[in-house]
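As structure tokens, the structure follows; a few thoughts come after it.
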Amino acid sequence: MAPSIDRHGYWGRPTSTLDWCEENYVVSFYIAEFWNTVSNLIMILPPIYGAIQTFRDGLESRYIFSFLGLAAVGVGSWCFHMTLLYEMQLLDELPMIYSTCVFVYSEWVKKNVNSSEILFVPASSYSVSNPDTCLLFQVMYGALVACLVMRSIFIVTWVYPWLRPLCYTSLGIFLLGFLLWNIDNIFCDSLRASRQTLPPGVGVVTQFHAWWHIFTGLGSYLHILLSLQIRSTYLKYRPKVKFLCGVWPTLHIEPQKTS
């Protein structure tokens, strides 16, 4: 495998406030962190399909925005890890805040909004002009996720207990990604050293930030399905989880039963 040093590439010297554990420009001259970049496909393609399916089913616009928001996070993260430029870092972090606001909105508003709703999410106080925003971003994102988790657990505990498996699967997958994210940060030096002795195909498995993208992308996608299922159940539809190509979960809405 190539030496564990950061090389120079197409996008020049990194200007972002963060540079992750994957070695820069090792796989491609045009992509700074190759595996951290391509792993974002799971946050781009499935949510786009989910948005199309939600539109076809005639469900509220906030769920379309939820899927598209997750896809926007994937696109922003792709651009950030591909370039390691500060402007692209904002394109990664800001959609994470805004899309999670949409998730929280969709989770809390279940009963009194119809399909003609106008979705409004208040603008964040996140400052794009201040380069030292890492801590602010983490606090804001963590608070939004905590609010989302507590609300979801409340619903599946007291309102729709049969949805617990989907809720806890989504949460467990997300937490696994968070665990790998921390391992990647804390043990970066050891991980980089291990990649020097491992075959390339095995060393790729130690790109834990890429796994963070995969697991949090899947966990977030499942959460949108959970929120959709809760809302469609309240509207007395018959939501059913189906698997695209026998692998990927999707939600299909069947017509209401006639009394």
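Cβ coordinates are placed from backbone N, Cα and C, and glycine is handled just like the others.
The Ca(2+) binding site annotation in TrEMBL covers Asp19, Trp20, Glu22, Asn24, Glu33. Annotated Zn(2+) binding site per TrEMBL: His81, His209, His213, in sequence order. Among the features that TrEMBL reports, transmembrane segment is placed at 34-52, 64-86, 135-159, 166-183, 210-230.
Among the recorded stretches 34-52, 64-86, 135-159, 166-183, the one sharing the largest number of Cβ pairs closer than 8 Å with the transmembrane segment (210-230) is 166-183. For Glu22 (Ca(2+) binding site), the same-chain residues 6+ apart in sequence whose C-beta sits under 8 angstroms from its C-beta are Glu33, Phe34, Trp35, Asn36, His81, Gln207, His209, Ala210. Residues Trp20, Glu22, Glu33, Trp35, Asn36, Thr37, Ser39, Asn40, Ser77, Gln207, Ala210, Trp212 surround the recorded Zn(2+) site, their Cβ atoms falling within 8 Å of the Cβ centroid of His81, His209, His213, which are themselves excluded. Rounded to a whole number, the distance between the Cα atoms of Asn24 (Ca(2+) binding site) and His213 (Zn(2+) binding site) is 18 Å. Here the transmembrane segment (34-52) has Cβ contacts under 8 Å with residues 20, 22, 26-28, 64, 67-68, 70-71, 73-75, 77-78, 81-82, 204, 207, 209-211, 213-214, 216-218, 220-221, 224-225, 244, 248, 250-251 of the same chain, all six or more residues outside its ends.
Cβ neighbours of Trp20 (Ca(2+) binding site) (same chain, under 8 Å, six or more residues apart in sequence): Glu33, Asn36, His81, Asp184, His209. For the binding-site residues listed here (Asp19, Glu33), the lowest count of other CB atoms within 10 A around the CB belongs to Asp19.
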